[in-house]
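Undergrad: There's a structure below that I have some questions on.
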Amino acid sequence: NQVLEMFDHAYSNYMEHAYPADELMPLTCRGRVRGQEPSRGDVDDALGKFSLTLIDTLDTLVVLNKTKEFEEAVKKVIKDVNLDNDIVVSVFETNIRVLGGLLGGHSVAIMLKEKGEYMQWYNGELLHMAKELGYKLLPAFNTTSGLPYPRVNLKFGVRHPEARTGTETDTCTACAGTLILEFAALSRFTGTSVFEEYARKALDFIWEKRQRSSNLVGVTINIHTGDWVRKDSGVGAGIDSYYEYLLKAYVLLGDDSFLERFNTHYDAIMRYISQPPLLLDVHIHKPMLNARTWMDSLLAFFPGLQVLKGDIRPAIETHEMLYQVIKKHNFLPEAFTTDFRVHWAQHPLRPEFAESTYFLYKATGDPYYLEVGKTLIENLNKYARVPCGFAAMKDVRTGSHEDRMDSFFLAEMFKYLYLLFADKEDMIFDIEDYIFTTEAHLLPLWLSTTNQTISKKNTTTEYTELDDSNFDWTCPNTQILFPNDPMFAQSIREPLKNVVDKSCPRGISRAEESLGSGPKPPLRARDFMASNPEHLEILKKMGVSLIHLKDGRVQLVQHAVQAASSLDAEDGLRFMQEMIELSSQQQKEQQLPPRAVQIVSHPFFGRVVLTAGPAQFGMDLSKHKAGTRGFVATIKPYNGCSEITNPEAVKEKIALMQRGQCMFAEKARNIQKAGAIGGIVIDDNEGSSSDTAPLFQMAGDGKNTDDITIPMLFLFNKEGNIILDAIREYEAVEVLLSDKAKDRATIFKGKMIPNYIIDSNLEMENMDQKFSENDSHKQNSEAATSAPQDVGAVSEEPEEGENSDVTDPDSLSPAHADSDSLSISNQDSYVPGTDEASAPEPACTQGDHQPQEQEIETESNSKANWDNKGQPMESILADWNEDIEAFEMMEKDEL
């Protein structure tokens, strides 16, 4: 029931505030229309002005037993959606979301029509639209290899002069290898074989180009030559659904070659990539060598795929590790290191972990996975729910939001969560008659015997001779997996329950394991000392030479051919990679993580969290967990560069001031003298935002700043205006300055506050406070940022004249420090590039606050004006009151 209520909240807000736009922007309560918002780069390639979220949600409505709403939605899609738009879209995203959504909608529509109560008027309209879209995607396949271009113009195709695409040379493996289910289903539904033929040809080409000795595939491939562009291999972003579709293509289509290919790849994955409970990328040519020391969140689907394969133990192990990360950060960060620190802090409400949780519950029947699902629901309601839907997390460490609710949230998250908790009587059809696509769309299994226009010739053995003796050709019956041991799953989880908090596992290469108790383990970069003769001898053995430069730095150079053995050469490569990461880490040691300004007064109640830049002086909020809380007051003079003339208004409050005309430290001293308990500096550059500018920290004035004891934070112009607008609207505005956003139950314990804001397990009394209908509420508008990029590997020397003491007036220092202690080069062998090496801390330490360089993709210089983008305040508050009433009703029903 809770899942249904949450779905209604998200879906109704999309239909009310966004439709017919592709997606809902839940912070500003409006639709995201491509071209009318600042570009977010590749993320926007999913948007095609075809009401993406509605199409993606069609079969979810039926799974959740909302057949009336489904019927209305189908009529809207048929009536309103236009697929002939002059717009360039991602072939991959359009296939899995739109084509898959139309086919999934058609699948459940004909099922409902057959049952005789609903959809009696339906005559295959969604299938006709799917066929139209299929033909619009076919021009992308006009390559010699059969691999599709990554993008296509819906109106003009690829080669047309007005297409504005067709110049790309590379595509990701998943982009080209995640077509067979939708394209084959389209061919089987319509009897038009061309779609399945194209998808099979692309899969055949990828299989042929796999690395033969390791049986792995890379992340990106040249669509014309078939050469691997990125040679790292894993089960996460860029490859994930290629493996998924090989196994599911066998399930849906019954072609043995797909299972043979999947089993071959799976054997390689478990041999090289799987390092329980971790799944670490490796190089396809040197699979014993890890390609990076972090994992991305998309690999969370893999335990679910392992369940379908029937390999339960590693699925339980990896899933448990991911769950521990979620318990540490509330959500799964987009990427995290092998010692479980945040690498990329965003979380766009991805459903892959919920998917794996559902499959593991189906396989084991262990109620533990129901508790996992409950945790997911509670975290979504507590941290992501906003008045107009659910907002993606911009930073899991601070709790700040992004103005984004992707279509996959409605297509997948609620589907898997509902199925996790649903009993058979809660379903109006048998879910076992269908297979899930990677976007969780439903395709009926009876397609395997319909319109078989493709000869099922086994093409796999044309490429390689396979030993199939160890492969199972049928999936195991889950009813006999654990016949006498209901504690089986728990016994696997038990050793991993503290893996995140108490241990610091790192990926140990097979080469290192093979050393056993014989020779000493390889030299680690963190242990290296240039003055240790034994270390220098080990370097020589690994083919690494050490050069002392005139400026005191040390340069390391590796020649793999000079190593004593191939094993030593691999150790040398790993040492060089670790040294690069260590150098990057040293560059970031002085960097402070972002801070949070949380508006806690009525009617915000902690829901608005603004990303703030820290200061190199004053109170360290990371050491004062409670933060500093107080009402805000604007100072006079507003620049804070002279004695404050309104100290009575500032005393015991958090002072607001404008950037400019003097040093930050001078502003801090002036407001501290006036009795302020904290300060917020607002950027004077009109339209600046943390979304489109790198995070900065406020520098000192080159003098001793120990006399400054109050916390100081910096807000860009857009975020600062949210507070200023709130003051104009409500006068008394209270904020919390902290290292990260606080749980609302913590903020308001003992105070009157609406039930639904507080954690359900906190007893609250006297809940009679009501909002006035004339009040209004403002919600933070946050545009999307690009994912932070990895830190460069080789350190840079400071420019002439640079000095650590900042003396320019009101200067901002970027939140990282140059380090010139180490220079590294690597010759005659592979060197991880800036997109392949990251910088986790070399030593295992506790704590959430991994410093992280944030490189922001700057978009068009559009002013984020609150009033003309948001919906009327009365309307937002009315929505919020409806939420309150719904939660009060839920409380009465003891949900």
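For all residues, glycine too, the Cβ spot is worked out from N, Cα and C.
Where the annotation comes from TrEMBL, it is an automatic prediction and has not been curated.
Marked as active site, proton donor by TrEMBL: E93, E334. Residues annotated as Ca(2+) binding site in TrEMBL: T438. The compositional bias 'Basic and acidic residues' annotation in TrEMBL covers 770-780. Under the heading compositional bias 'Acidic residues', TrEMBL lists 796-808. If you look up TrEMBL, you'll see 820-829 marked as compositional bias 'Polar residues'. The domain 'PA' annotation in TrEMBL covers 635-722. The region 'Disordered' annotation in TrEMBL covers 770-873.
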Undergrad: Round to a whole number and give the Cα-to-Cα distance in Å for the pair E93 (active site, proton donor) and E334 (active site, proton donor).
TA: 19
Undergrad: In whole Å, how far does the CA atom of E334 (active site, proton donor) lie from that of T438 (Ca(2+) binding site)?
TA: 18
Undergrad: Taking every residue in the domain 'PA' (635-722), what is their average pLDDT?
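TA: Across the domain 'PA' (635-722), the average pLDDT comes out at 90.
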Undergrad: What does DSSP give as the helix, strand and coil breakdown of the domain 'PA' (635-722)?
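TA: Here the numbers are 20 helix, 17 strand, 51 coil.
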Undergrad: Around the Cβ of E93 (active site, proton donor), how many other Cβ atoms lie within 10 Å? Please give the count over every shown protein chain.
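TA: E93 (active site, proton donor) is surrounded by 23 other Cβ atoms within 10 Å.
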